[in-house]
Every structure is written in C-alpha cells, then in structure tokens.
Amino acid sequence: MQNNLISHINLRNFRNYEYQSISFTDGLNLIRGDNGQGKTNLAEAIYFLSGFGSHRTYKNQPLIKSGEQKAEISAKIQSKYGTRNVYIGISCNSNNILKVDGKPSKLRDLVSVFSCVIFSPEDIDLVKGDPGHRRKYLDDIICRARPMMLDIYSAYDRTLKQRNSLLKSFRKSSCKSDLLDIWTQKLVELGLEIVNARKRLLKILNPKISEFYSKLAGVSSTAELFCQSSDCLIDTFDLLRDREIEEGVTLAGPHRDNVDILLNSCPARSQSSQGESWTLALSMKLSLIELMRETKRLYDPDPVVILDDVFAHLDSYRKQKLAQEVFSYEQTIVTTTDNSDNYRTSQTLVVEEGKVFSENKKG
C-alpha cells in the first residue's frame, strides 16, 4: 500500500449494514450490485471518513440502521506516516465521536488524515441546484486546502446564530443596539476571511473547470463560477438593519452570497442541457482533485476517488473521457449495477442486501 489509501473499513449499524468488514486494494476497486443493496451506503461511509460528513444528508438519523441508536465506522488508512486508525461513532442523541489512533479528534484531524472525493448523482445539484450547493463546494475545497479554516467557518456559524437570536429579541423587546453592533462587527470580520478565501480560490479554480469541461465535451468552452458578494459588509448591514430586525434574521454575508456557474457566459442553471450540466459537474469535481494533487503539503500524492453510479448518467464519450482521468489514480472505487462493464480491476466486490462478497478477480 502507498500513501493515502483506505485498506480496510468496518461498518456497524450503518444504513442497511448490521456488521460488515471490507478490505480494499490500491488501483481500481469495482463494487457491483443491484439497486437498493447497499453500494451507495458503502460509498457514503468511505466518504464520511474524510471529515466532510455525508454527501446525501445533513442528519444523523438516516445513517443509523432502523431500530438502533448508534452507527459506527472504523477504518485503516495507509499514509506516509504509516497505518492510521480512524473511528467515527454516529449517534441520534449526541455529537459524533471522532478518534484518530484511539485519541479524541476534531474534524480538521480527519481532513488531514484521509482525503477523498466522491462523484455521485447528487452532483447535478452543483449546476442545477440553488447557490447553497456551490457555496458548499467552494467552502469544502478551502477547508481541504487549509483545515484551520474549519475553525473560521465554525466561528462564523456560531456568531451568525447569536446575531440572529439577538435580531429576534429586538422584535419582542427593546435591546441595546450596541450589543448588535458587537455581533455585527464580529460577523463582518469572520465573513471577510471567508469571502477573501473564496476569491483567491476562484482565481485558480476557474481555469481548471474550463480546461476539464473542454476536454470532456470535446469542444473548446469557457466555464466558470461567479460569486456575488458585498464589497463592504458593514455598510450593507447598516442599510439592512431595520429590515433585519423586522424579519429577525441576518440578510447578508457569505452564507447568502449568490454563487452562479456560467457556461460560455450564460447561466448554466437555467440554460444548460442535461449533458452540459453533467459535464460541468464532473469538471468541477475533477478540478477539485487537480487542486488537491497540486497541494502536496497535505495530499501526497492522490485523494481516493469514489464514483457512485455516475457512469449510468453519461453517454459513451463522456464515460470514456472520465475513465481516462480517474482510473490512473492510486485508488479508485466505482459502484455500478452494470455487469457488462469490462474494467481492468484490482478487485471486484459484490453487494447483496447489506453483505459484501469478493469475486477475487484480477484485471
């Protein structure tokens, strides 16, 4: 095994898995099975180890097997520092428990231990969904490159909740405006760090998105993310104060910035075809991987790449182009329902009703 690979995972009461122990190899790991058997659940569990949660839900309850109170994911990660043991306990009634090598850890510790990128049917929301999907895409990249930024985002969220609570209290009774000014100033300071981080990222990200789009589509095109944010947040809050007090909510800041994606200068969300939208979404994910590969300080050398039932949504040309990009990575995990796919695999696994079996095939 080489750097940053998952060699083993144990699942207990995760989704439809009661208990399952699964080993992986480097190269291409193919996971076959009919719909509803647990392929996506397995992909989700692997991605969960990267510190960015589930790509399907923000809630813990759906992750826990029906009738149980807790789910567990544990894994062995092969890194340049040797084998790292990662554990995540997922609970209905309390915060998740995170451990690295047996020691209590934070999310940023997971980000530094295991890097993983997942391609899934939900990726179409990067193009067709609301701006929140694209904001999260940018913010996840920022936190991957600089795990300490997780603290900035957490502080921003806490400050936002405090400010919203204060705004609501204005509606019920007269509160001191200087207290609102204090929370506003704190929100502006944290928000500015996020806005500037996004601007720096877009400068290096957009050329990559255009390059990958042109490669996947087979035609020269310009694709770019465009972020509309306030140039002076403190002035914006002054203008919005009366309205914010009336509505009891913060109406400006990076959590509300409009992030749009343009294809040849046209808004892709409303004007791109299904094929163009998928190509854009894939280009965004491939650009993320390229950035991670360039950040040798953290990712040495490749992230683990998961393709969860993505090929089923692509035509043969785009499928071939995507395969050329990702099958050369150190470790790729592909789920599929198609038994006719003839990939050169290091390992083929079959999933049936929450049980995983090895076909012991070598490509």
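Each residue, glycine too, has its Cβ placed from N, Cα and C.
Feature annotation from Swiss-Prot assigns ATP binding site to Gly33, Asp34, Asn35, Gly36, Gln37, Gly38, Lys39, Thr40; the stated evidence is sequence analysis. DSSP gives Thr40 (ATP binding site) a helix state.
The residues near the ATP site, meaning same-chain residues not in Gly33, Asp34, Asn35, Gly36, Gln37, Gly38, Lys39, Thr40 whose C-beta sits within 8 angstroms of the mean position of the site's C-beta atoms, are Asn41, Thr335, Thr337, Val351, in sequence order. A coil conformation is recorded for Gly33 (ATP binding site) in the three-state DSSP classification, outside any helix or strand.
Each of the binding-site residues Gly33, Gly36, Gly38 was scored by other CB atoms within 10 A of its CB, and the lowest score goes to Gly36.
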